Amino acid sequence: MAFTRKRQREQQLQLYSKERFSLLLLNLEEYYFEQHTAFHIQSQSSHEERKIRGSLKICSKSVIFEPDAISQPIIKIPLRDCLKIGKHGENGAHRHSAKAKSSGISLIFRQVYFIKEHNIVAPYKIERGKMEYVFELEVSGKVEDVVETLLQLHRASCLDKLGDQTAMITAILQSRLARTSFDKNRFQSVSEKLHMECKAEMVTPLVTNPGHVCITDTNLYFQPLNGHPKPVVQITLQDVRRIYKRRHGLMPLGLEVFCTEDDLCSDIYLKFYEPQDRDDLYFYIATYLEHHVAEHTAESYMLQWQRGHLSNYQYLLHLNNLADRSCNDLSQYPVFPWIINDYSSPELDLSNPGTFRDLSKPVGALNQERLERLLTRYQEMPEPKFMYGSHYSSPGYVLFYLVRIAPEYMLCLQNGRFDNADRMFNSIAETWKNCLDGATDFKELIPEFYDEDVSFLVNSLKLDLGKRQGGQMVDDVELPAWASSPQDFLQKNKDALESSYVSEHLHEWIDLIFGYKQKGSEAVGAHNVFHPLTYEGGVDLNSIEDPDEKVAMLTQILEFGQTPKQLFVTPHPRRITPKFKSVSQASSYSASVTDSPVSPGEESFEDLTEESRSLAWNNITKLQLHEQYKIHKEAVTGIAVSCNGSSVFTTSQDSTLKMFSKESKMLQRSISFSNMALSSCLLLPGDTTVISSSWDNNVYFYSIAFGRRQDTLMGHDDAVSKICWHNNRLYSASWDSTVKVWSGVPAEMPGTKRHQFELVAELEHDVSVNTINLNAVSTLLVSGTKEGMVNIWDLTTATLLHQISCHSGTVCDAAFSPDSRHVLSTGVDGCLKVIDVQTGTLISSMASEEPQRCFVWDGNSVLSGSRSGELFVWDLLGAKISERIQGHTGNTLTGNTLRQTPCVLWVPLHILVGQRYVFQVP
């Protein structure tokens, strides 16, 4: 559980300092400056006094005294309630001793808070009336400085305007920071090299702590100005796994550092005073990480989730993280959806769609009657309009759920009080009903509802949270009838989140919270419009000159809640669930691994089991050079392999088609159709005919048995760049900006002329087409052009489904994943792009330092051939290069010339002379 882990870390720091005091005792936006060992002097008679030893904390809006004895309450005196501050004994004040006169500080005030008596977390006790407290410092020489500081802070607290108060306190803080610097004696090693130092604040829920940030070549440090809760926080750069820029109060000032891969709880969250300081520190750490850790994007996580490598829970955590949601910032706490709609049945039926909440609607739109009232108000509202007066996530809502494990946070947020007992988180069913029917309650859930820690549901601290109107005390959360225990409730919540129904519909909720329905006309249509201040860019705080207005605006932003950063601007693809994975496994293995959807190479691959295919891909990084042959004088452009793997056919820019025997290791035939280059080749079923495409605008059919040209198809007005074949249909791509689909029936007798091919479809493009590929069942075709466009076509209707601008130059290769859910493309710009077929969304992008000319892939991993001759193994889900294999000393030719056979990868490349290397998977 995110918040529980956060509390555990804070408690570890508290153990280090052995204090009851925490920054949560301060008001919101208050700073803790310094502390002094002191004695609280209590007069018991005219001649007797009692001294209580403790620590006197000087804060920007209050004075706090923490007695050493836990039986004594912590004392908090707001500076705004002080009537007089001075040295004890001045102006006729009581003088109990010379020591008191010289080292005592007198505070005369009208209100005081008593907190954590006997170390029990409870609502603060308040005592009102004029009174005087005297504190004697252990170091008497500091009295004058402390009194001067208190008088200065008292003047700030008594200013009429809140903006003026904030400005004066900020000036005091900046002056203190300017007079100090990071203590270099805190470096872990004397050999560390300092790279930068700046002022910043460490952010924890509801509070910030000012100090100095320092980064060296090996460590990141933060030294609090007040030394609380420990003198220095140190993070080894080698341990850092992730780093994110954050918005804090809608300003680009935050930076969060993680030393874990998946934990939502970070190791440090820093807020800077200047965006440039934040960016400089980010750049240095990111540069360090570039050589150690792969960067993850929303698109890369989307791909992992779609393909089942991330659970729904994990994916939502990652999206929250990328959208600036942090457990350190309660105004941007991670948001999770209500999933279950049934909290009254004795049994929970996850096979019934009626059990689930409609994920395509925000909470405010789930009740049609309430929505109509809200829409009526919306229509009558002047600009800027909004449908909901409260947000689905705010500090108050987060602590509503977490009060049983984070009572001090609730007390901090609500000025030392718990909420009314009847408004507390008493019952799951009641809370859900209020979210459906309440006039102003539209809250979603938090990650804790789908984790394993039940402590937020149980009053294990035995807190006195009040008595309800019916007379019952607020205790554990009341669970629905179908949950036998808190553990059972969370387990069933998790089961519901990972259910088939939610997997099929979660993308709809993502569209509302993180996606294209978050803003604009789509948000209006989805009834998903919140107050403008909650959105990124909704207000420019720097443009507000009035300090009062600026402070009020910032307070409203922090307390009201913030909408996540928008991650997607197009519809989010749905998840690939088992029922969507039924793409003809009985047909060809994959159109993505060859230049033809069904070819002898693939048919031989069909003899392999799914397990052996997986084994081959799992061992792809162990690829080794097995054999090497010189075949052509120019670049090899295509390759086809017979079913039994004994014969290899290659085409080349030297205008020849050649047949090579793997068994005899000898060249058996060399055929030339014209003096123009051949661009690709494939074998027809039965291994009797080879088809070759040519730059002379033609497609040639060659009979293997009779050793002669069987037919010529003159179908284009420019070079034919690529051909595919499936179920007696030929697909040809050309530089004349077309892809043509031809119907043809093979001759009954080998060697005889074919019947005339019939043109059944023509797919028109704006520019030259460089490559094409079919999906496994030949219902979809992907084409790549010379201007970087990737087009996805529906072959059943010959219509264009999606046109995506992917590359800054020619598309070298493009192919479908085995399940037809994604398209991968490579270009001369060196990028690999993954596209969701259903929505046409570009969901992942990876870059290399050179063009990847051709590739094969299994949907998760990619083997590509680069311009330099190296083979690259890519982990798409991890967004990284797994292996680089030096196979060639020249360029890998553009085009789909990597061909997978049962156990060998045939990779045609060229240096000065065309070559073909054979690589064996161990």
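Just so it is clear, glycine is given a Cβ too, placed from its N, Cα and C backbone atoms.
The structure displayed is predicted, hence computed values, not measured ones.
Listed in TrEMBL:
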DOMAIN    189-286  domain 'BEACH-type PH'
DOMAIN    290-575  domain 'BEACH'
REPEAT    713-743  repeat 'WD'
REPEAT    762-803  repeat 'WD'
REPEAT    804-845  repeat 'WD'
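Predicted-model confidence for the repeat 'WD' (762-803) is 94, expressed as mean pLDDT. Residues 591, 595-599, 676, 679-682, 684, 691, 693-701, 757-774, 778, 781, 783, 786, 793, 795, 798, 895-896 of the same chain, all 6+ positions outside the repeat 'WD' (713-743), place their C-beta atoms under 8 angstroms from a C-beta of that stretch. With DSSP classes pooled into helix, strand and coil, the tally for the repeat 'WD' (713-743) is 0 helix, 21 strand, 10 coil. The residues of the repeat 'WD' (804-845), classed with DSSP into helix (H, G, I), strand (E, B) and coil, number 0 helix, 24 strand, 18 coil.
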